[in-house]
Structures are given as C-alpha cells and as structure tokens.
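Beneath this line is the structure, given in structure tokens, with notes to follow.
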Amino acid sequence: MKRILTLTVAALALGTPALAYDGTNCKAPGNCWEPKPDYPAKVEGSKYDPQHDPAELSKQGESLAVMDARNEWRVWNMKKTGKFEYDVKKIDGYDETKAPPAE
C-alpha cells in the first residue's frame with residue numbers, strides 16, 4: 001500500500017508542471033513562438049536583417065542546375081547501355097556544356 005501511494009504521489013508531482021502552462025499566448029495549438037520585446041515587427045532593414053549577398057544565394061541554384069545536367073547524362077547513358085555510370089567523365093560523348101543527345 002505504501003508503495004502504491006508513493007508511486008501515485010510521484011506521478012502527480014511529475015505530471016503537475018504539464019498542467020501549469022495554459023497556452024494563453026499561443027496563436028494556434030503548437031504555435032506559441034513570441035518574439036523578444038525589442039525584436040522588430042519587420043526584420044528587413046533592422047539590425048536583425050542578415051542582408052544576404054544575391055551572388056552567394058544564386059550559387060546553390062547554379063549547382064543544382066549543373067547537378068541536374070549530370071543526372072540527364074547518367075539517365076541517357078543508362079537508357080543507351082543498360083549500365084549505370086556514376087562518373088559522368090567516363091560516359092562517351094559527355095560534355096558538361098551540352099545536353100545529352102536526343103533519343
């Protein structure tokens with residue numbers, strides 16, 4: 001009996017903090033983020049604005065385009081030979097400035 005009472009008290013003690021938060025500041029269930037008091041409503045132009053360089057941002061887009069071009073060559077080679085070749089430099093006729101030949 002003493003053991004059950006101890007376990008019940010422990011469960012209540014551990015579960016009580018979960019009941020303390022009433023969610024009054026949540027915009028929706030689970031959306032409870034609030035900015036700090038000095039955080040601006042508009043980030044652009046404030047001290048929190050990261051001011052990313054457009055050239056740096058375009059690098060990822062360029063690398064994705066080059067990756068897609070290599071994948072086109074891999075797919076073309078797979079259809080042609082039936083064998084997948086990861087290293088595009090080993091594909092006959094590979095030219096990084098051109099698209100693979102039309103079928």
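Residue positions begin at 1 at the first shown residue.
Glycine is no exception: its Cβ is also placed from the backbone N, Cα and C atoms.
What Swiss-Prot annotates here:
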type: DISULFID; residues: CYS26-CYS32; note: disulfide bond
type: SIGNAL; residues: 1-20; note: signal peptide
Neighbour tally for CYS26 (disulfide bond), based on other Cβ positions within 10 Å of its Cβ: 13
DSSP state at CYS26 (disulfide bond), helix/strand/coil: coil
